[in-house]
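Visitor: This structure is in structure tokens; I'll ask about it shortly.
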Amino acid sequence: MASKKFAVKCGNFAVLVDLHILPQGSNKDTSWFSEQKKEEVCLLLKETIDSRVQEYLEVRKQHRPSNAEFTRSNPLSLKGYGFQITAYFLKRGIRLRCIRSTQNAELCVFPDRFVVCVSQLAFSRDLLASQNEDLTERVLHGVSDYFAECAESSLPPSAKLRRNALKEIVKRTETKSSVTSKSQTRRDTVETSSDSVIAEIARRRNDGQASSSPPSESMGQAKDSIKAAESHWGLPVQKLEKVNQTQPEDTSGQQKPHPGERLKTGLLSRSPVCSCESASPCPKQSPRVAKTQQKRRNCSSAEDFDHHGRVSLGSDRLVPREIIVEKSKAVRVLPASELSDPGLLLKQDLAKTTSKEELHVLESLSSRHLMKNNPGQAQQTGLATNTERLSTIQNSPTKKRKKYERGH
């Protein structure tokens, strides 16, 4: 067994260390224990030596017996990286003194000798491979050998607390760095996807303008662009459709009528102007449907004129179609200034229908209509009309004679 002796300074004491190295194999080779391993052994035993010196000083001040700790029967056992340490303190029977000099005037030799035995661990191939992998992983992640599991038992409680605190700091730093990298990656992905969506929409828009594709294909491309934008920005489809939708062109080619003409039509049909506009045929309707609606409007206007004719005559007899035509012509002849006042038009219409000339025309037309339908009734009506005319003619000369006699 090879042995080495050296001293470790702790305060005002120099602790002598007897280092015994167990050889490897049968040839008693101790070359495996290098100077680097010697420094590592000193670092592992430094705290144990300091605690023993402090205990010695306290026992000497208090004059009490020392605790039997780390004796030959109860040694200290530590594990380093690839070696095993067994250490204990041994009382020395001879008191030694240091040679004092100007630099070490107060230095004293510690009364206990520290005996350390170092032996190499028997590594198997699997254990060596696993340790190499752990070492490689620690080097890649930037972890020092200070956090190695093999040094767990060699550290005192205070060193373990410091190591745990350092481990917690390292974990927090790794968590923050991972979160930052993930957020940056997600942001880059979102920016890339947004740029691709915008470029795709612009390309489809340019293709739609340049090509002479039918409207159905362009609408399909617009819908695809809308869906892509919706999936990226979370916008509803209806809003995008309102933005992208183009207003349809007016293919009817019909111009809106003049306000005066609309008022004429409203007065003839006795309905508001908006109803005439709503009744106009839609450009999408077929010509047959438009003709049917026009016939219905003509029939309704004819019925309205029939009703007003009966009111103006004060009877329920039917009014022929010629009267309706004459009345419609009379209304259309009115100037535009009178058309602006519907009440004035109604008053003039009623006044004209109650005049004597229109009464004679209506009676003559009604008599013709009755002769076609019922000849007997027409004769009676004609006799009554002739009688009234004769009475009027006979009364008129007598009135003139009376006025003439009064004047003379």
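Just so it is clear, glycine is given a Cβ too, placed from its N, Cα and C backbone atoms.
Got these off Swiss-Prot a minute ago, pasting:
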| type | residues | note |
| --- | --- | --- |
| COMPBIAS | 208-219 | compositional bias 'Polar residues' |
| COMPBIAS | 243-255 | compositional bias 'Polar residues' |
| COMPBIAS | 374-397 | compositional bias 'Polar residues' |
| COMPBIAS | 398-408 | compositional bias 'Basic residues' |
| CROSSLNK | LYS61 | SUMO2 cross-link |
| CROSSLNK | LYS79 | SUMO2 cross-link |
| CROSSLNK | LYS167 | SUMO2 cross-link |
| CROSSLNK | LYS176 | SUMO2 cross-link |
| CROSSLNK | LYS239 | SUMO2 cross-link |
| CROSSLNK | LYS242 | SUMO2 cross-link |
| CROSSLNK | LYS256 | SUMO2 cross-link |
| CROSSLNK | LYS291 | SUMO2 cross-link |
| CROSSLNK | LYS347 | SUMO2 cross-link |
| CROSSLNK | LYS356 | SUMO2 cross-link |
| CROSSLNK | LYS372 | SUMO2 cross-link |
| CROSSLNK | LYS399 | SUMO2 cross-link |
| MOD_RES | SER130 | phosphoserine |
| MOD_RES | SER213 | phosphoserine |
| MOD_RES | THR392 | phosphothreonine |
| REGION | 173-226 | region 'Disordered' |
| REGION | 243-313 | region 'Disordered' |
| REGION | 365-408 | region 'Disordered' |
Visitor: Given the recorded sites LYS61, LYS79, LYS167, LYS176, LYS291, which one is most crowded in terms of C-beta atoms within 10 angstroms?
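Guide: In terms of Cβ crowding, the pick is LYS79.
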Visitor: Among the recorded sites listed here (LYS61, LYS79, LYS167, LYS176), which has the Cα closest to the Cα of LYS291 (SUMO2 cross-link)?
Guide: LYS176
Visitor: Indicate whether LYS79 (SUMO2 cross-link) is helix, strand or coil by DSSP.
Guide: strand
Visitor: Considering only the recorded sites LYS61, LYS167, LYS176, which residue has the minimal Cα-Cα separation from LYS79 (SUMO2 cross-link)?
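Guide: Smallest Cα separation from LYS79 (SUMO2 cross-link) among LYS61, LYS167, LYS176: LYS167.
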